[in-house]
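Copied over from Swiss-Prot:
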| type | residues | note |
| --- | --- | --- |
| DOMAIN | 48-80 | domain '4Fe-4S ferredoxin-type 1' |
| BINDING | C60, C63, C66, C109 | [4Fe-4S] cluster 1 binding site |
| BINDING | C70, C99, C102, C105 | [4Fe-4S] cluster 2 binding site |
| DOMAIN | 90-119 | domain '4Fe-4S ferredoxin-type 2' |
Amino acid sequence: MTLKDIVVGFGTTVRSIWLIGMNAFAKRETLMYPEEPVYLPPRYRGRIVLTRDPDGQERCVACNLCAVACPVGCISLQKAETADGRWYPEFFRINFSRCIFCGLCEEACPTTAIQLTPDFELGEFKRQDLVYEKENLLISGPGKYPEYNFYRMAGMAIDGKDKGDAENEAKPIDVKGLLP
């Protein structure tokens, strides 16, 4: 060991002590998470929820577009139909242990039934607890779009109304009557 090695070792030790002393009283960058809230950007994509119409019925029409758009295949559902012809999912299942929270399911949904919330705390001890069924995903409100009702906008016959009686819907045209 030479004198040069001793001087370099002593210098690095003094420099390390100096840097620790300078930063010991600086503002801390680490957040104490449960006590301090985490900043989430306005468009943060978190847990998926299923919303309802302003009438209180499920918005999901089981079109299966969300399952097709999902790049990891974590959404599965089965379509069923009511007596009045309205489609609904018999079961709707999302496996959050596979979900990458990309938001493609929300973009693909024509009825705005699927919406992403800023909730990100999905820690569980068992993987089975990360598989959410329709009952776990349904919320009582309309979510981000409180006035949107797919069946009124789409022109499907609503109980008690004929086609063309809904809002923003033109009366049907008799195409056969236009023939010469």
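Cβ atoms are placed via backbone N, Cα and C, with glycine included.
For the domain '4Fe-4S ferredoxin-type 2' (90-119), the model's pLDDT averages out at 94. Only residues 6 or more beyond the boundaries of the domain '4Fe-4S ferredoxin-type 2' (90-119), in the same chain, are considered here, and those with a CB under 8 A from a CB of the stretch are 40, 44-51, 58-63, 65-80, 127, 130-134, 137, 143-145, 148, 150. Close to C105 ([4Fe-4S] cluster 2 binding site) in the fold, though at least 6 residues off in sequence, lie I48, C66, A67, A69, C70, I75, I114, each with a CB less than 8 Å from its CB. It is 16 Å from the Cα atom of C99 ([4Fe-4S] cluster 2 binding site) to that of C109 ([4Fe-4S] cluster 1 binding site). Cα of C102 ([4Fe-4S] cluster 2 binding site) to Cα of C109 ([4Fe-4S] cluster 1 binding site): a distance of 14 Å. Look at the Cβ of each of the binding-site residues C63, C66, C99 and count the other Cβ atoms within 10 Å; the largest number goes with C66. Residue density at C70 ([4Fe-4S] cluster 2 binding site): 19 other Cβ atoms are found within 10 A of its Cβ, drawing on all protein chains shown. The Cβ of C109 ([4Fe-4S] cluster 1 binding site) lies under 8 Å from the Cβ of C60, L65, C66, each of these being in the same chain and 6 or more residues away along the sequence.
Packing around C60 ([4Fe-4S] cluster 1 binding site) is summarised by its Cβ count: 25 other Cβ atoms lie within 10 angstroms of its Cβ, all protein chains included. Of all Cβ atoms in the shown protein chains, 14 besides its own fall within 10 Å of the Cβ of C102 ([4Fe-4S] cluster 2 binding site). In terms of DSSP helix, strand and coil, the domain '4Fe-4S ferredoxin-type 2' (90-119) has 5 helix, 9 strand, 16 coil. Compute the center of the Cβ atoms of C60, C63, C66, C109, which mark the site for [4Fe-4S] cluster 1; besides them, the chain residues with Cβ within 8 Å of that center are V61, A62, N64, L65, L77, C105, A108, P110, T111, A113, I114.
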